[in-house]
Amino acid sequence: MTLLSVFMGAALGAMLRYLIIMIWPLQSSYVTAIFIINLFGALGMGIVFASGQLLALNGFWSVGLLGGLTTFSTMMVQSAQLPFNKQLRYLMVQLIGGILCFYTGVIIVNIFGTMN
């Protein structure tokens, strides 16, 4: 059952990423779309992580949906296509932004989770 929920989440996440990229206003800003998707995924992962046992379908959300939505490999390819002097900056912004978004998700759960 867990494997099926991970599979369904990953399929939904990948389709969602594809749709976001297809409806993104400017195809030239594909890098921006992936950047925002990855930051949103990090925020979601922070929420799932901080929720702990509150989410019965943790595999669906974390490994499945958010894993299918975000993309490490596309980020690496985009970095390789940039001029060398911009590669490190792009990767550092992705990494630092991802960490900040992850902890923002944790803080959101800590603030609003205690209100129940």
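Cβ atoms are placed via backbone N, Cα and C, with glycine included.
Copied over from TrEMBL:
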TRANSMEM  6-26  transmembrane segment
TRANSMEM  33-54  transmembrane segment
TRANSMEM  60-78  transmembrane segment
BINDING   GLY67, THR70  Na(+) binding site
TRANSMEM  90-113  transmembrane segment
Response to the item:
Same-chain residues at least 6 beyond the ends of the transmembrane segment (33-54) with CB under 8 Å of its CB atoms are 17, 20-21, 24, 61-62, 65-66, 69-71, 74-75, 78, 93-94, 97-99, 101-110, 113
Worksheet item: Taking residues 6+ outside the transmembrane segment (60-78), which of them lie with a CB under 8 Å of any CB in it?
Response: 5-17, 30-31, 34, 37-38, 40-42, 44-45, 48-49, 90-91, 94
Practice prompt. Run through the Cβ atoms and count how many others sit within 10 Å of the one on GLY67 (Na(+) binding site).
Written response: 19
Item to complete: Enter the number of other CB atoms within 10 angstroms of the CB of THR70 (Na(+) binding site).
Response: 21
Worksheet item: Going by DSSP, is THR70 (Na(+) binding site) part of a helix, a strand, or coil?
Response: coil
